[in-house]
Amino acid sequence: MDTHNKGDSIIRFSVSLQQNLLDELDNRIIKNGYSSRSELVRDMIREKLVEDNWAEDNPNDESKIAVLVVIYDHHQRELNQRMIDIQHASGTHVLCTTHIHMDEHNCLETIILQGNSFEIQRLQLEIGGLRGVKFAKLTKAFSFEYDE
């Protein structure tokens, strides 16, 4: 009986590319510090899978996970409370928040979210649109099985 997980086995396959695409791939390997073309291609495939999963518009799919990074002026009146109110009113699950003081005026907050893609992206737009918010970036993820 094979005790190895199918998702753990490595399958070798070949890809045909034009020279200019191969050159670009090799440049990215060097620029980003990858040890091989395979490592870069695996990361690119994972990125595309996440992107495609988030593009699927299923309001009942609560499997999306994201991290919202927000930098804001903590002297902006009532901004903290408005950010909290938006989180509570949203259709997403706020799993965790982390708050740090960057300097005298700026705070950085990370908010880990779970829910459907529409609600998570709406929360990002609402918080990002508040007066005093200087930066609001959403990093998208989802949990998927390789061996389905």
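Residue numbering: from 1, along the chain as shown.
Every residue, even glycine, has its Cβ placed from backbone N, Cα and C.
Counting every protein chain shown, 12 other Cβ atoms lie within 10 Å of the Cβ of H99 (Ni(2+) binding site). Under the DSSP three-state reduction, H99 (Ni(2+) binding site) is assigned to strand. The Ni(2+) binding site feature in Swiss-Prot is assigned to H88, H99, H101, C107; the stated evidence is sequence analysis.
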